[in-house]
Amino acid sequence: MHWNEVVCTVLLALGCVINFSGSYGVLKFPDFYARLHAAGKTDSLAQVLILLGLVFVTPDVLTKIKLMLVAFILLIVAPTATFAITKAAHLDGLRPWTRGGRQ
Amino acid sequence: MNAVVLIDTLLLLLVTATAVAIVEVRSLYASSILTGIYSLLMALVWVNMHSMDVSFTEAAVGGGISTILLIGTLVHVGREEKPIKKRLHVPALVFTALTGAALIYGTLDMPRFGDPAAPIHHYRVPEMMAQTVGFVNGTPGKQKPPEGFDLERYRRFDGRVTGPIPADPTDTAWREKSILQTEGLIVPQVRAAHEPHAEPGHHLHPPDDFNGHVPNSVTSLLAAYRGYDTMFETTVIFTAGVSLILLLRRPRREGYLQPGAVMSDQVILRVVTKLSIPFILIFGFYVITHGELGPGGGFQGGVVLATAFILYALIFGRAALYRVVPPPVSDMLTGLGVLIYSGTGAVCMLLGGKFLDYSMLNPELPGDGESLGMTLVEYGVGITVSMVMLTIFNQLAEERST
């Protein structure tokens, strides 16, 4: 196994684990905001890790640049989308869950 | 088991599960989101089958804009489905089962997936591709015609390959015959059935003509071979936009642009939107322009362009969007796209060719004329599609605020 394949495998595995934990969080967390927290945080990180992992195995320089560009754009756009959704829910009057159970 | 088949099976199981969930779920919000998920899964299936164009369209139209429009509609009709009594409707069940059986029976006649002997790989398509990208001789792209090239003969050549489709897919002698029949003017890029794929990562995939790379047979087919179909598809979208304007647009009352909750006071959203809109627009134009040679085209690119405008309206309010694209301008551009398409066809006729015979646009280099015509036509499609999408969004949003 060449070194770049090793790096790629590690990054892909890491991305998959984080993605899985995010999906688990979406299923298990109590309310909308917490679920979105799980989905948004882990998704952007996991996807960036997977894309960076692929950068190490693509032979083509142009594809490498495109993958890095996609990762960069995701890094900016994905958290912004999460923010926009949260803000919309907040403006709509959705209250966060508390242990007291007001929601 | 072949990895491609394995992934396909998993994806199709997920697609089926999503479809069942769409029918079963009571909340219309949930089913709208599930529709988006369904489209994304289908896009993955298309990628797996190497039809990048279809996948692209599915992701942009089905996963992207349709979801926005469905949710826009939900604002009017409410979130929950009305409860209905569920009972077995026997005639409907019988009819559905029969239709399903007929469809499955129909697929038995279709060639196997990736079958190199399938008619699409032999009948017209290789020659069409060769015509479209110019004089293909191992390398795709526009090249000068060879010495002693008979232009009249090239024009008369309509890409027919004579002879029956070979029973044995590995029979390359048939292909050589068909190549010889065109007397070396056009060398179709037909991959021999037994020839393995050169690129890494494709070795598991059945051989196809373009191996997921350029030259793109889809656009050659859609814009040249099936130029009429595509023109009328564009006209259908144009008609949809016009009907929507006629049905939903009302005289402007005072305060019809009252914004609900405008997001523009959020610094993060404002900055990121302003940063990303230029890139979305560039990408949209790239997709339209690239459609001539690679996966892409007017329909997909048009939708991408429309999302830039819709994003602008979502963040800065529709009043700001109307300052950028006033409704009269978007109405006019809707028609302009169709006009560009049919106008290109008419120009080809005026230059002495048939309707939509792009090679007339550059008599010296027919291949060049083909790609010029296709680019023009794709831009026509893109303009119409993007403006119709924008009109749909505007009308839905306007309905909400009045």
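Each position is counted from 1, following the chain as shown.
A Cβ is built for glycine as well, from the same backbone N, Cα and C atoms used for every other residue.
Just so you know, TrEMBL annotations never went through curation; they're auto-generated.
Since we're looking at a predicted model, the values are computed, not measured.
The annotation domain 'MrpA C-terminal/MbhD' is assigned in TrEMBL to B:13-77.
Looking just at the domain 'Na+/H+ antiporter MnhB subunit-related protein' (B:268-391), the mean pLDDT is 87. What TrEMBL lists as domain 'Na+/H+ antiporter MnhB subunit-related protein' is B:268-391.
The transmembrane segment annotation in TrEMBL covers B:6-23 (among others).
Within the same chain, residues 8, 11-12, 14-15, 18-19, 21-22, 54-56, 58-59, 61-63, 66-67, 70-71, 74, 77-81 sit at least 6 positions outside the transmembrane segment (B:28-47) and bring their C-beta atoms closer than 8 Å to a C-beta of that stretch. TrEMBL lists B:28-47 (among others) with the feature transmembrane segment.
Non-local neighbours of the transmembrane segment (B:59-78) in the same chain are 28-29, 32-33, 35-36, 38-40, 42-43, 299-300, 303-304, 306-307, 310, 389, 392-393, 396-397, 399-400; each lies 6+ residues outside the stretch with a CB under 8 Å from one of its CB atoms. Annotation source TrEMBL lists transmembrane segment at B:59-78 (among others).
As annotated by TrEMBL, transmembrane segment applies to B:90-108 (among others).
Long-range contacts of the transmembrane segment (B:230-248) within the same chain: residues 222-223, 298-299, 331, 334-335, 337-338, 341-342, 345, 356, 377, 380-381, 384-385, 387-388, 391-392, 395-396, 398-399, each at least 6 residues beyond the stretch ends and with a Cβ under 8 Å from a Cβ of the stretch. Here TrEMBL flags B:230-248 (among others) as transmembrane segment.
Per TrEMBL, transmembrane segment is recorded for B:268-289 (among others).
Under the heading transmembrane segment, TrEMBL lists B:301-321 (among others).
For B:333-356 (among others), the entry in TrEMBL reads transmembrane segment. Long-range Cβ contacts of the transmembrane segment (B:333-356) within its own chain (Cβ-Cβ under 8 Å, at least 6 residues beyond either end) map to 155, 224, 227-228, 231, 234-235, 238, 241-242, 363, 373, 376-377, 379-385, 387-388, 391.
According to TrEMBL, the feature transmembrane segment maps to B:376-397 (among others).
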